[in-house]
Amino acid sequence: MFTKLIIAASLAASVAAHATFQELWINGVDQGSSCVRLPQSNSPVTSVSTPDLACNASPHPSDGICQVMPGDEVTVEMHQQPNDRSCATEAIGGDHYGPVLVYMAKVDDATTAVGSSAQWFKVAEIGLPSSNPDYWGTEVLNDNCGHYTFKVPSDIAPGNYLIRAEVIALHVASSIGGAQFYMSCYQVNVGGSGSANPPTVSIPGAYSATDPGILINIYEPLSTYTIPGPTPYATTSPAVANTPYPTTATWNTALQPSTVPTAVPTPGTPGIGKA
């Protein structure tokens, strides 16, 4: 009964707590929404088989392409409402706990590429870095004013890419179709002279509705959490800061936070995700 009450409360709160990825930073420089395909609304996708899972449901087109180099620090930024970048409001609220994931896909033209036809490789993720107490990837966003920072792999081939930032909210994921997927696609051009072509997956296709990281009751005690999708390209498992959330986590090799932030960053400063 207690679990049912929690789930019911989460459903009620979720109506006002949806969110979208809206802005991009490159090496600490704010690009705003200049190269993002902004979703039509902040409502989630709930099917793992719909083409909308790639870049959201009929997002607004963009003719902007942001320029990045291999090794650049890229920050995706999420907020509940369009044009509201206030740090006073949670990036995604209503107990929308779950992982944050970032994918990339090489495409011929980032402004016209169809996300559901692209081939994606994961470059960063954060799930449940602490289970005592529970501390989710979405809380990293909330503690960093909606920011999550990763590095562009240092060896990928130059050209146009889509960057897909995603949150999977698990507050009502104890039944099939309950998980909520929030994603946006950013359009970038990667420079340099790399040649790597990482292993890829299709989206949709990378997830199953019964994956243990998608069909899950997060209100039961959890000691571990399996992040959906493939392993991030070029990963390692370093020890992370031992206070206040002692744990280890799988990260993109390029970016390891040296400390756990203790305060919410002020607007205008991209935060680096905690582990």
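We number each residue from 1, going along the chain as drawn.
Even glycines carry a Cβ here, placed using N, Cα and C.
Residues annotated as signal peptide in Swiss-Prot: 1-17.
Counting every protein chain shown, the number of other Cβ atoms lying within 10 Å of the Cβ of HIS96 (Cu(2+) binding site) is 29. Feature annotation from Swiss-Prot assigns Cu(2+) binding site to HIS18, HIS96, TYR182; the stated evidence is similarity to another entry.
Swiss-Prot lists SER43 (among others) with the feature phosphoserine. Look at SER43 (phosphoserine): DSSP puts it in coil.
Non-local neighbourhood of SER49 (phosphoserine): PRO204, ALA209, each in the same chain, at least six residues away, with C-beta under 8 Å from its C-beta. According to Swiss-Prot, the phosphoserine annotation covers SER49 (among others).
Annotation source Swiss-Prot lists phosphoserine at SER58 (among others), citing experimental evidence. Within the same chain, the residues at least 6 positions away from SER58 (phosphoserine) whose Cβ sits under 8 Å from its Cβ are GLN40, ASP52, listed in sequence order.
Residues or ranges marked as disulfide bond by Swiss-Prot: CYS66-CYS185. In the three-state DSSP scheme, CYS66 (disulfide bond) is classed as strand.
Look at Swiss-Prot and you will find SER130 (among others) tagged as phosphoserine. Take the CB of SER130 (phosphoserine) and look out to 10 A: across all protein chains shown you find 17 other CB atoms.
DSSP gives HIS171 (O2 binding site) a coil state; it is part of no helix or strand. The O2 binding site annotation in Swiss-Prot covers HIS171, GLN180, and the record cites similarity to another entry as its basis.
Summarising the annotation, Swiss-Prot assigns motif '9res motif' to 268-275 and lists experimental evidence as the type of evidence. Summarising model confidence by region, the motif '9res motif' (268-275) averages a pLDDT of 40.
Cβ-based crowding with a 10 Å cutoff singles out HIS171 as the top-ranked of the binding-site residues HIS18, HIS171. For CYS66 (disulfide bond), the nearest neighbour among the listed binding-site residues (HIS96, HIS171, TYR182), judged by C-alpha distance, is TYR182. Taking the Cβ of CYS185 (disulfide bond) as centre and 10 Å as the limit, one finds 27 other Cβ atoms among all the protein chains shown.
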